[in-house]
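J.: Heads up, here are the entries from TrEMBL:
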{"type": "COMPBIAS", "residues": "217-231", "note": "compositional bias 'Polar residues'"}
{"type": "DOMAIN", "residues": "13-208", "note": "domain 'Autophagy-related protein 16'"}
{"type": "REGION", "residues": "217-250", "note": "region 'Disordered'"}
{"type": "REPEAT", "residues": "266-307", "note": "repeat 'WD'"}
{"type": "REPEAT", "residues": "308-349", "note": "repeat 'WD'"}
{"type": "REPEAT", "residues": "350-391", "note": "repeat 'WD'"}
{"type": "REPEAT", "residues": "407-433", "note": "repeat 'WD'"}
{"type": "REPEAT", "residues": "435-476", "note": "repeat 'WD'"}
{"type": "REPEAT", "residues": "493-517", "note": "repeat 'WD'"}
Amino acid sequence: MALQSTQQWETDILDLFATRDKHEKAFTSMVESYNGLVQKLSYLADQNKNLATSAQTSKDQQDKLSRQVTVLRDQGSPVNQKRSAELEAQITSLKDERAELYKTQGTNAQRLLDLNDILRVKDETLTLNKEEIRRLAEVNHILAHKNQELVDLVNEKNITIQVLQDELTTLQLEMGKLDERQRDLEKENSQLLQRWLKKMNEEADRMNAQNVLMENEQETVQSPQVQSPPSARSLRSVGPESPTQSSWRGNSTLFSVVPQIVSRKITAHESEVNTVALSGSGTLFATGSNDKKIKIWDIKTGLLKTTLSGCLQAVMCVSFNASDELLIGASNDNAARLWHLGTGRPRHTLTGHIGKVFSARFNPDSSKVVSGSHDRTIKVWDLQKGYCIRTMFTFASVNDVCLLDFDGSTIASGHLDNNLRFWDARSGNCVKEVTGIHLGQITSVCPSSDGSQILTNSRDNTLRIIDVRTYETVSVLHADGYKTGTNWSKACFSPDGQYVVSGSGDGAMYYWSTREGIVDKVIKGEQTSPIVGVSWTGNSVVSAEKDKTVVIWGTTSRRATIYEK
């Protein structure tokens, strides 16, 4: 029973496989038949191709043999042989000609290539030229527009100039009228001045007589030998002082008075004046200029006494020694020079700076000179030996220097960096640097007569008085209209320290009261160009203008004196 079941199962599976093969392999025989046909076709195609090749080869061989037969037939006769030789000669000639043609063709081809390269370069150049022409056309258009604008501006300016010329003509007419008015006022002022001088002279005589009477009475009271009051006779004998006594009293400088009267105007140099200095005695003054000369003048007569030469560039500073025997001049040729005023000859040329020397000063005993330069150094020179004994590096260009004590051991310097510095000349060390006192470079430093204060002038159009002991600002001096004219403009104290004087960039003289810190007097109209320096000794002030002019200012003391026009 089991055996029959197994056989039945196998039969079913085989039937199923047969059914599957019947469905899936229905075209197998057809495909195999097709593949066989394709292979047979390919074989027949290859055979056909080989046969065609063989046929072509046979044909070529037949043609070759035919040509050989024809050639052999032609060569058989002499005519044909001659003809053949001629043809061969022609063939050779043609080959040579063809070779020449090939050569010519190669040459022409190379020339064609060269011409193509040239043409390409020309095309590129033409393209660049067109681009440049386009750019230049744009620039030309812009410039034409600007030119038109300038033409319009010139026309506008011409109209403005015409209007200004009309206004100038009107102003000139008004000025003419004002000049006439000024002459009338000057004439009237001269008359009033004469009357005032006459009255002041009368008052001076009266006061002098009273002063003499009072002095005599005091001497009488203090004298133990005199027991009774002066007699009427002695009183009547008291009169005005003699001219000599009056002159001596008038020249005494018990205290300073602001000079207001122009004593003299001098055209001092052929070029711009840079510096001026009065001698200690007040009898001489010196000027230095861009003409490389130093001139010594008599302050009373205004006459030139001597001219000192030797500087190679502009003179920026001059200074007398205490005895008025020597003069030091600082120059832009990087040197300072020492002259003996008695002979007018140079004694020393102090070289060692590598920048412009803007300032040079004697110490009190004239044994040394201190110089400051734009090479940022201060040098101390021994005048006995004539060479530098100490150099102080300041780290800023030096515009001016001064000495503060009798032995010349303390030096003050004003600098391009707006700062004031104090130096110990013995050690070469900076004792104190005072910063923030000015907003512009310091153009000058000047000590007071007792050395307790120092005056600074600056391009910020202010002056300051500094206490040397505390280094604090005592007073700030300024005024409406005051402007420092140059980088080397000098200001100074009065001999008693009660006033400060400085010249402005517009030619005006400004006097300040140091006690009150305000402007005491402004004098305008006498000078018009920038004032580069002032110097005050006794009752005289000398001011130097940049336009070659020096003005001597005079006054009288507060003691009664004879006024002269």
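Glycine too: its Cβ is placed from the backbone N, Cα and C atoms.
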J.: Please give the sequence-distant neighbours of the repeat 'WD' (266-307): residues at least 6 beyond its ends with Cβ less than 8 Å from one of its Cβ atoms.
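T.: The answer is 313-320, 322-324, 327, 329, 331, 339, 341, 344, 488, 490, 532-538, 540, 542-552.
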J.: Please give the average pLDDT for the repeat 'WD' (407-433) in this predicted model.
T.: 93
J.: List, by number or range, the same-chain residues at least 6 past the repeat 'WD' (493-517) whose CB is under 8 A from its CB atoms?
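T.: Tertiary neighbours of the repeat 'WD' (493-517) are 253, 255-256, 258, 446-450, 453, 455, 457, 463, 465, 475-477, 479, 481-486, 523-524, 526-534, 536-538, 541, 543, 545, 553.
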J.: What counts of helix, strand and coil residues does DSSP assign across the repeat 'WD' (308-349)?
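T.: When I sort the residues of the repeat 'WD' (308-349) into the three classes, I find 0 helix, 24 strand, 18 coil.
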J.: Mind checking which residues reach the repeat 'WD' (407-433)? Cβ under 8 Å, same chain, six or more beyond either end.
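T.: Distant contacts of the repeat 'WD' (407-433): 363-365, 368, 370, 372, 374, 378, 380, 390-392, 394-401, 439-445, 447, 454, 456, 458, 460, 466, 468, 471.
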J.: As a quick check of your reading of DSSP, tell me how many residues in the repeat 'WD' (493-517) are helical, how many are strand and how many are coil.
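T.: Counting residues by DSSP class gives 0 helix, 11 strand, 14 coil.
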